[in-house]
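K.L.:
Take a look at this one; I'll ask things after.
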Amino acid sequence: MNNKDLKTKFIFITGGVVSSLGKGITAASIGQILKNRGLKVSIQKLDPYINVDPGTMSPYQHGEVFVTDDGAETDLDLGHYERFLDENMSKKSNVTAGQIYQSVINKEREGKYLGKTVQVIPHITEEIKQKLTDAALFHKSDVVIVEIGGTVGDIESSPFLEAIRQVRFDFGYRNVLYLHTTLVPYLKKTKEIKTKPTQHSFKELRALGIQPQILVLRSEVPINQETKNKISALCDINSQAIFEALDVDILYQMILNLNHQGIDDFILQHFKLTNFPTADLQAWQQLITRIQNLEKKVVIALVGKYIVLHDAYLSIVEALKHASYQYNCKLEIKWIDAEKVTSDNISSFFEDCDGILVPYGFGNRAIEGKILAINYARTNNIPFFGICLGMQLAVIEYARNVLHLQDANSLEVDEKTPHPVITKKIVDINLGGTLRLGSYSCHLKANTKSKAIYNQEIIYERHRHRFEMNPHYVSLFEKNNDFVVSGINPEQNLCEIVELKSHPWFIAVQFHPEFLSRPLKPHPLFKGFVEASLLN
């Protein structure tokens, strides 16, 4: 690895004691502060699982799959990175152990190691380090923040921790900073903060050759200076380098909290970066103040098949929140299991809802319940928003109940349907890598709701699907002058957006607009949906 021309600074974020500490939020918050101060920042996630990517992993295990512009199926933390930073991540932003081992094995098969015995050290660790420099060069970053997935002590993380240990030797002390996050438990009964888990986690990391310069303590209560001094003495770390990450009701409060404690000043000092302006976080403060003083409420029914784990729809929930905040209203999501929706009980699910959203999904489970929900929204003039599978099912519902195409269906659900209004565009080889992924253009038809919402002719949105509306049926659908295909991919003439003229707000899209929504820049479709729901 040639490091002479690389001027990038690296911040490595590790976690100890327990998983799900919020390393991703810490990384994203620091990234936003440093960007605000004038640095070009990118964030990279190193995941120690053997899967090549999370694309074929169950949503129940992994939550949503976040898709980048260039078509990478990635960890949901990349969604946090993009929302906090307002910067697009890429395929290089998420590296898994599966990718690393696959690359090394392929090189071995191609003879690139010249007959040497291939080992974790140096071959796996060198491959990891190459991924770090590739991302830094690709994004032209001043600072790359690298989150190491998992917990210190996990056997899967060992090669990654060894690789980042070596990076300091490769790049130099002033170009690398290690930040460790730990949980500091609070015992309510005795009103004590316990530091022992942090001490052990810190010790374990030092035993691996990594001495963190910054310690971020996750806690439900403020940590006093006496406790910080104790941790400082026992962990051999400057007490001024110990910061707290208090539990917050609003995620974006973390940006202000860390900035208020001066974490960015400490980082710039370590890197010897000078003459950067102080962070202007006024827009974030205004957003938080608005969230704390919401006056109205909007109730959105989310009809899904993975609702047991809300993280399966994380970006959709965040996009709904972004739009709701713009209209000064609190979002209440009514989580509805599509499998439980029947024609007999349907009104009980939706009678108190302002809008209905049917999101993505794969397979035929819970399909009919979603179609019933779409029919209820259409026939009762309730604002409806369909995303990905939600659009396909809106097409099926209209075909069956308005066009009277009996047994109309998707080829994904019924390969023998007499009316395949949804058809496959990609031939299966295996489940991985057969989807239409990434950003594609869409031309918006004049005099449609979609064109008015976007206020532009060409848009670019991210996709993740195998099936499309069958183009042979479009003329039949549009014949009655109510159903409109309002968005078309010009390169392949694929249907991207459908809407109904006669309905107050009925729009369904094949793409995933939630991936482009930002806290300070809500996506126009989500804004339109929430606005219509408030008027319902």
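Note that the numbers count up from 1, one per residue, in the order the chain is shown.
Cβ atoms here come from the backbone N, Cα and C positions, even for glycine.
Note that the structure is a prediction, hence the values are computed from the model and not measured.
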K.L.:
Considering the ATP binding residues Ser20, Leu21, Gly22, Lys23, Gly24, Ile25 given in Swiss-Prot, which of Asp70, Asp75, Asp77 is annotated for that site as well?
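P.N.:
Swiss-Prot lists Ser20, Leu21, Gly22, Lys23, Gly24, Ile25 binding ATP, and from Asp70, Asp75, Asp77 it also lists Asp77.
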K.L.:
Can you pick which of Arg290, Arg462, Arg464, Arg466 Swiss-Prot lists for the same L-glutamine site as Tyr60, Gly361, Leu389, Gly390, Met391, Gln392, Glu412?
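P.N.:
As annotated by Swiss-Prot, Tyr60, Gly361, Leu389, Gly390, Met391, Gln392, Glu412 share the L-glutamine site with Arg466, chosen from Arg290, Arg462, Arg464, Arg466.
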K.L.:
Ranking the binding-site residues Lys23, Lys194, Lys196 by other Cβ atoms within 10 Å, which is at the bottom?
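P.N.:
Among the binding-site residues Lys23, Lys194, Lys196, the lowest count of other Cβ atoms within 10 Å belongs to Lys196.
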K.L.:
Which of Leu21, Ile25, Ile155, Cys388, Met391 (the recorded positions) has the most other Cβ atoms within 10 Å?
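P.N.:
When each Cβ's neighbours within 10 Å are tallied, Met391 leads.
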K.L.:
Drop a 10 Å sphere on every Cβ of the binding-site residues Gly22, Gly361 and tell me which sphere holds the fewest other Cβ atoms.
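P.N.:
Relative to the other binding-site residues in Gly22, Gly361, Gly22 has the fewest Cβ atoms within 10 Å.
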K.L.:
Mind telling me which of the recorded positions Lys230, Arg466, His512 has the densest Cβ neighbourhood, counting other Cβ atoms within 10 Å?
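P.N.:
Result of the Cβ crowding comparison: His512.
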K.L.:
Taking the Cα atoms as reference points, how far is Thr198 (UTP binding site) from Leu21 (ATP binding site) in Å?
P.N.:
13
K.L.:
Please report the number of other Cβ atoms within 10 Å of the Cβ of Glu147 (Mg(2+) binding site).
P.N.:
27
K.L.:
Counting Cβ neighbours within 10 Å across all chains shown, tell me which of the binding-site residues Thr195, Gln199 comes out on top.
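P.N.:
That would be Thr195, with the highest Cβ count within 10 Å.
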